[in-house]
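Taken from TrEMBL as is:
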- C:57-493: domain 'Amidase' (DOMAIN)
- C:97: active site, charge relay system (ACT_SITE)
- C:172: active site, charge relay system (ACT_SITE)
- C:196: active site, acyl-ester intermediate (ACT_SITE)
């Protein structure tokens, strides 16, 4: 069977996609789910571990109370019912990144069930995704494959780092999502974005996809157009950016359609997304090895909730994102279109913080939607991850207001700031990027320019004030853009005795 | 009574990651058959409408404060490892070559 | 009766502690006396190249920790000489079942899987005995991962019963029971999942207690079946068991199943029970389902005599019925094996312990794990892992594991009903006296039946004690009587156990172990016998 794919339009003409997502969110607790090793990213391998994280003989797990509260908060934010009694269970399977060769998870009694998330697509279309459950579990360690191409296939051996083993996870599982039609890939992206926004807003996860804080497994199946019959589904793993989720879903839809069109069967299997080739490849088929033999974790006792506890946590919940958006748009006075652009660019929180740091709503928007977004796009990262802080924007704007730099220089300063050269003030200082404000120097530059273009000077004297632009250009060129253009224009007119 | 077959034992041994040769598979299936015969009366007990018990005591909510404790050093972690490299546990290839 | 009578080793722990306090001898002398006894009774390796063949003598110890024990003893002596305040049992040595992890000496669980493994941490109970200043003599033998009723499933050779070296010392804690009954150690720690403390105590003439589930920390105790395992004392007197229970009991934040209440007092209850009329007003229920058919005649006879003594001591004896105990054995084996199959998954040759490469074919991690587990686990461990895998697998869960959990509820209800009628329950600890080595190794089911009287308490989490009740007339081997109490009422066990012990000892004119044959002579005779 080939990996031929059908075009998306052809696929959509014949089939209705049904989606489903399992999103894993790593919590930002200080310690792991079941032991007091640090939950930290990027440390030396096998240093954030205790005997418990290594699953040494004799150890016992102990639940992180903060992680449970995070799970309840997330459940509440997703509109779920919080279980009065919920149990941990063991999911048994052998894999070297799993120290006990079982994952402690939840099975038939998860902490939260039956919720929904309202999703807004980029054009403002609303969609409701139903949540089946959210449950607590632990992350696995990290494998790196050596030899071959560093991939699991063909590797000579692998190294295991258990720092991540036991990091608290919440897995959010949707019910099957039907009716998205051709918007399915877009919906996939918007769903992950919404979950990311919710957990970030709750403060329970750093939600950095590039670090694997939010990971998505996307289930795709196709039904013949108009039919209720569910097709065989595949589960695509390792989809770790919002863009990738959209692409992977689109790819799988096209691939399924081609397989079905050829009269063949979809194999129920796990597939892996490859960002480089933008394809999925076959993982292992579902088999007997998926008999996980779940049973109640005997080393842990149930989590029992009560109304008082749940209501206390509910009271701690921040404003829900949708309400917050309505409030912010009204406060900032942005048009619907402007605000949607801001939301889609993912810079709403940044703008909010920039305004809080002292910038006006329009200045904040100008920067975050303008130069910062442009630079982020060039560098293929999210604007929020570029390294421009609200304080950077406020300081840049202040420098412009004071006349120390102009817009053009400010854009250069920003680039140096995000490259880590310091604050805007420091960059201006170090690189000598300030506007030339020495009147003597400016004056002689204007004299030189006028002398070099006598015919233009004559035109201006004759009343064609707009011709001054050419002289300004000449002066700016001579000062390598560091002159204040408005002041240069004033000087030209002054020298030629013309009213501006 | 369901007899435990050699193939069933082979499947269970694969799930449990225990290599077994033919002799072992045969002897294990007859032993297991005897044991299962002795224990399967549980399903004949009067258990309709009886809730399951997984913990001997009705304890709940045993939580830990989210405070970092003592960790193992990298040396302590790898001290008992059958094989290690660069501060990590070294394991043979995960997949077969093909 | 010569070498068994060394003055220091025959002292109970309480007497030894008294002697230390009075300055009659030092902890170093006391510890050395026990190390000497270990030296003369352990025997020598049958084959220096092959540990699996065990030793010519008791083989109760897998590791003897002589130097560290003597260092600790000397430190206690120094502190005592300096007038420091010391805990009550300070300086009295103890042996620890090799299922409990210890720093500074190996922990093997009697498995090839863990041979040479050094734990980087101490179990909570080990921390507690260190804080109580008990020098650790070493680690005692057991059935591999505590799975068995005879210690024959140890990867390092069976332990022998000091009453008859060709018989089993019980299991899984045969090493601890043999060590205590043969005066190698005054105290030992055991673990009890289905009787592993009580049955060995019963067949060796020692005292063993399985505390209430959750009353002694399991942190650092290598898990066999997490919802059933419990650590407890192995001693020669009820009073010593109570004293040791006070040392090891209590809440541990590292164990989620730990009861957040202080342990004890138990010692005071033991003293109360041993005094004249100490059992007055106590109502004892004889478990109908755990008497009669299937119990060896000498066991039944000593049991009935014990009931008479209890009655004479002021207790009221009635019969109670626990109708669902008939299903308990099946439920126990399914639940235990299910948990075993998961708890033993971590032994895979990746992070610690044995790694074995496949003999042929590609070396993938999958195949290394399977080869490691094939080589590292003995037959009984494999049987239970496979049984548990079966009981939990898709299509069988409801019929096996699921049903077993429901039977567990019924067994708990039986106890609840019984304890509405009586204060404690009583039964023989084991249906038979010690059987011969090798007698049941080929018949797992008959081996399992040996646990019939001890497993209901593990299913329900209730505490139980086994107290020596004399020797069976037909073979002169020890018989044990088991008392069971409601959850968290361990104190009642010490009261009734001490009451029976006092009555019996009055009859015997001393402890049952005073009648133990001279161990060194037995070993010598056996060695000569096999040399012929």
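Using N, Cα and C of the backbone, Cβ positions are placed for all residues, glycine too.
Residue C:172 (active site, charge relay system) and the residue listed as 'active site, acyl-ester intermediate' have their C-alpha atoms 5 Å apart, to the nearest angstrom. DSSP classifies residue C:172 (active site, charge relay system) as coil under the three-state reduction. In this structure, residue C:97 (active site, charge relay system) is part of a beta strand by DSSP. Rounded to the nearest whole angstrom, the C-alpha distance between residue C:97 (active site, charge relay system) and the residue listed as 'active site, acyl-ester intermediate' is 11.
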